[in-house]
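First the structure, in the form of structure tokens, and then the observations on it.
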Amino acid sequence: MMMIMMTTTRRSLRCSRLRCPPSAHHSLSSSSSAAAVESERTIREGPRNDWTREEINSVYQSPVLDLLFHGAQVHRHAHNFREVQQCTLLSIKTGGCSEDCSYCPQSSRYNTGLKAQKLMDTDAVLEAAKNAKEAGSTRFCMGAAWRDTVGRKTNFKQILEYVKEIRGMGMEVCCTLGMLEKQQAVELKEAGLTAYNHNLDTSREYYPNIITTRTYDERLETLQHVREAGINVCSGGIIGLGEAEEDRVGLLHTLATLPTHPESVPINALLAVKGTPLQDQKPVEIWEMVRMIATARIVMPKAMVRLSAGRVRFSMPEQALCFLAGANSIFTGEKLLTTPNNDYDADQLMFKVLGLTPKAPSFSEEAAGDIVSERCEQEEAISNVG
Ligand code: SF4
């Protein structure tokens, strides 16, 4: 009898909570943290680019489980939470780079034992793209260790051909070739390039500690050329460079206040390489990644947030936390440019165990964006009715 009464009381408590008006739910949950308040606002009002650094900092500093929960909510609202994009990154020209990025084994200034290689030939690149496609990858990214492509006319023309061919194979194509000029961005777009990767790496303030051979503004200029050419922007950063939390917030603030959010935001955890100035940095912890990913998800809801370099150090349950927090893209393939990456079979198993499905390629990001906002509006209408 006692049992029945307890069950009934519990049930009626739950029922009365469920029956209360939506506004009451809102006030109950929003009292918990900035992550709760801002995620509800993001779901209600959609993406915005007038974030203050303080607002993003408050989200970032929310209790980590609350941040994770609200990152997951925004993720489910703006994306199919089961879909994860698989991108394969190939270094088509390795090492010998004139830049001094202090995390990078490809800089010619550091003695990392890396063997420099010229631009790969057509057969080798197309073979790699074909293999990536067969392994389930829908986006093929080509990276070249250059400061820029100015004065590399022959190589650049060659890369335009690679872009055309790979696009013709039904894959999305991305490049990361260093700084781009306006005209080069236009030519890449005409060749069929889907996205261009150019990371900001860290905050404007911390940046000079990491790179001195090009400025933050030069990086932003390349992003602007990419955007103006109609190519999707892929830009994120690296944590574990010795930066403070406010630099992580600063990076997200710069990205989230661009006139249009990047379509892809890679979040990398430094893999310290012997011989680079950052060789002794201590590894990034999973909760630092979760904070970055969930905050990125809340402040840039439509972006593909990519769990990138450093994934190899995280176990499957740790990666699951990242997907829950809002990551929906990974790099697959043996290597990430020159550093090790997760094993193919381990990734296949992870997709199976976590119930993830590979995201199909999308050749019209704008149309996809419209669908997302339509879905958001419909869901909002439904929740208002409820
Ligand atoms: S990150 Fe790119 S630009 Fe910097 S040193 Fe490495 S290859 Fe060169």
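Using N, Cα and C of the backbone, Cβ positions are placed for all residues, glycine too.
Here is what TrEMBL says about this protein:
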BINDING   Cys97, Cys101, Cys104  [4Fe-4S] cluster binding site
BINDING   Cys141, Cys174, Cys234, Arg306  [2Fe-2S] cluster binding site
COMPBIAS  23-36  compositional bias 'Low complexity'
DOMAIN    82-311  domain 'Radical SAM core'
REGION    23-50  region 'Disordered'
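The 6 Å Cβ screen around ligand 1 retains Cys97, Cys101, Cys104 from the binding-site residues Cys97, Cys101, Cys104, Arg306, ordered by sequence position. Burial estimate for the binding-site residues (Cys97, Cys101, Cys104, Cys141, Cys174): highest at Cys141, by number of other CB atoms within 10 Å. Counting in whole angstrom, Cys234 ([2Fe-2S] cluster binding site) lies 19 from Cys101 ([4Fe-4S] cluster binding site) by their C-alpha atoms.
Counting other C-beta atoms within 10 Å of each candidate's C-beta, the binding-site residues Cys234, Arg306 are led by Cys234. The separation of Cys174 ([2Fe-2S] cluster binding site) from Cys97 ([4Fe-4S] cluster binding site), Cα to Cα, is 20 Å. Across the structure, Cys174 ([2Fe-2S] cluster binding site) and Cys104 ([4Fe-4S] cluster binding site) place their CA atoms 20 angstrom apart. Within 8 Å of the centroid of the Cβ atoms of Cys97, Cys101, Cys104, where the record puts [4Fe-4S] cluster, the same chain has further Cβ atoms from Glu99, Asp100, Tyr103, Pro105, Gln106, Ser107, Ala145. According to DSSP, Cys234 ([2Fe-2S] cluster binding site) is assigned to a strand segment. Shown in sequence order, Cys87, Leu89, Arg139, Thr176, Ala195, Asn197, Ser264, Pro266, Ser329 are the same-chain residues outside Cys141, Cys174, Cys234, Arg306 whose Cβ sits within 8 Å of the Cβ centre of the [2Fe-2S] cluster site.
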